[in-house]
Each structure stands twice: as structure tokens, then as C-alpha cells.
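Novice: Straight out of Swiss-Prot:
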| type | residues | note |
| --- | --- | --- |
| BINDING | 10-15, 78-80, 113-118, His133 | FMN binding site |
| BINDING | Tyr12 | NAD(+) binding site |
| BINDING | Trp98 | substrate binding site |
| DOMAIN | 4-189 | domain 'Flavodoxin-like' |
Amino acid sequence: MAKILVLYYSMYGHIETMAHAVAEGAKKVDGAEVIIKRVPETMPPEIFAKAGGKTQNAPVATPQELADYDAIIFGTPTRFGNMSGQMRTFLDQTGGLWASGALYGKLGSVFSSTGTGGGQEQTITSTWTTLAHHGMVIVPIGYAAQELFDVSHVRGGTPYGATTIAGGDGSRQPSQEELSIARYQGEYVAGLAVKLNG
């Protein structure tokens, strides 16, 4: 049995929705145990609520538990072309895992959300830097998801990982195509994890 963690941060719910689609795809793979968790919120509750943050039911992960998984699929919104501060704060607490090599050889993949032109690909590839320092095997999705070839309308999705275009005010929710790419990413990573660890 390969253990897959879908680990995310979501302020307004876009990445939360994508995380559930990633997990749905991963659960299609026989021999994959899939768990969804989120990183802790770093904003004071009153500021989070005032900013319109969405309450989420996923349990909160601890940095130490990352070593328990065979694959980790990280989801983060874009903040100035990088991962969110909450995800950065969480990953900055993994120094002990780095020192012991606890994540070495584990699969790592990333999905993201952003406004149009907000840096979705840069967010994914800059997150890969942290995964590389841990010795994780980085898993992009390439162009195997056919939705990536549809240019008839605005949508997220890259060869690096699933994305959604949230729009400047956050009103645009993930489209069915974007969710399909996210499901593909989950299924693809889980399939590799089972082959390597199942």
C-alpha cells in the first residue's frame, strides 16, 4: 500500500477544491491510501475572517508526519510568483526531516492557483526547489492530460502541474477542465507511488 498525502493551503477555497479533485484521482489507483490535510493558518482568526477566508474541515498536518508518506502532492495559491506564506512557513519547519534525509526518494508534485498572469508556473517550479533540497523525486504531469491542449477559453493547467485561474477578485471557481487535470495529476502520482512502493 502506497500512502499519498495531498497537502494544501487555501484561503478562499480554490486550492481546497483542487485538492479534493487531486485526491479523487489518486483514489482511483488500487493500492493507494489517500489522505488530505492542510497546513496551519498563520493569520490571526479575526484577520482571516475579515479577509473572507473560508473555513475548511481538513485536518491540520504537522511537518514531522511528512516522512510517513510515499508521495506528497502540494497545493498552494500564488503569492507574488511564489507559494503562500503559510506553505512556506510549514516547509521552513522541515529542517529536521532534511537533516535526517527523511523525504529522500519520496515523490513530490505541486498544483497551484493564481490570477491571470499571476505566476502559476513560477509558483510550481519555485516550490520544486524546496522539494529538490529534500531529495524528493519531482513529478510533473507533462501533456498527458488532453485538457491542456484546449485553448478555446481561459483555463489553468500546465505541464508542471494542475492550476486554476482564480481571477483578481477570487470569484472564478475551478472549471471542470481544471478539476479534470487535477484528478489526472492525483491519479498519475498515485500510480507511480504504487509502482515504486506498493
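Glycine residues also receive a Cβ, built from the backbone N, Cα and C atoms like all the rest.
Could you tell me the structural context for the features on the list?
Specialist: DSSP assigns His14 (FMN binding site) to a helix in the three-state reduction.
With a cut-off of 8 Å between CB atoms and residues at least 6 apart in sequence, the same chain places Gly52, Gly53, Lys54, Ala166, Gly170 near Tyr12 (FMN binding site), listed in sequence order.
Taking a C-beta cut-off of under 8 angstroms and a sequence separation of 6 or more, Trp98 (substrate binding site) has the following same-chain neighbours: His133, His134.
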Novice: Could you list the residues of the same chain, at least six apart in sequence, whose Cβ is under 8 A from the Cβ of His14 (FMN binding site)?
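Specialist: Residues satisfying the criterion: Pro77, Ser113, Thr164, Ala166, Gly170, Gln173, Pro174.
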Novice: Between the binding-site residues Ser10, Thr116, whose Cβ has more other Cβ atoms within 10 Å than any of the rest?
Specialist: Ser10
Novice: Looking only at Cβ atoms, how many others are within 10 Å of the one on Thr78 (FMN binding site)?
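Specialist: The answer is 23 other Cβ atoms.
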